[in-house]
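Colleague: Have a look at this one before I ask anything.
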């Protein structure tokens, strides 16, 4: 089943890559967007499903951000002694940096969300415990007096 997810989503990613052209600008935009999306999916998804991890991660984003397209443009620019070689190398390094940044930001956001949920649960537990009687047969209520 994983193969079908990879093939299906990979086809869509490949068509999108092809429709955007093979210019250095389109490669930069697609690789940056793919690096950010892959980092967010792999960092933020707590309960990853098969179609999300393999279909979108490996298939769609993998074919969208193909390394072969980037290397083709780099070799072509190098053979023409073009300044685009430096830009192509910058794209590679920049995509890796964007991926790391997106993962760090996503984990930080995820951590904040988990921290914000935790005190609410603790406050609720504290409130419930304060309303519990000292003894199972003791009365509950605001007029309860302890000796």
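A Cβ is built for glycine as well, from the same backbone N, Cα and C atoms used for every other residue.
Just so it is clear, the model here is predicted, and its values are computed rather than measured.
Sharing the features that TrEMBL gives for it:
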- 27-46: transmembrane segment (TRANSMEM)
- 58-79: transmembrane segment (TRANSMEM)
- 85-105: transmembrane segment (TRANSMEM)
- 111-121: compositional bias 'Basic and acidic residues' (COMPBIAS)
- 111-147: region 'Disordered' (REGION)
- 122-131: compositional bias 'Polar residues' (COMPBIAS)
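Mind running through what each feature is packed against?
Modeller: Listed as Cβ neighbours of the transmembrane segment (27-46) (distance under 8 Å, sequence separation of 6 or more from its ends, same chain) are residues 16-17, 20, 52-53, 56-57, 61, 64-65, 69-70, 73, 87-88, 91, 94-96, 98-103, 106-107, 109-110.
Within the chain carrying the transmembrane segment (58-79), a Cβ under 8 angstroms from the stretch's Cβ atoms is held by residues 5-14, 16-17, 22, 24, 27, 30-31, 33-35, 37-38, 41, 85, 87-89, 91-92, 95, all 6 or more beyond its ends.
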Colleague: Give residue numbers and ranges for long-range contacts of the transmembrane segment (85-105): same chain, 6 or more residues beyond its ends, CB-CB under 8 A.
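Modeller: For the transmembrane segment (85-105), the far contacts come to 24, 27-28, 31-32, 34-36, 38-40, 42-43, 65, 70, 73-74, 77-78.
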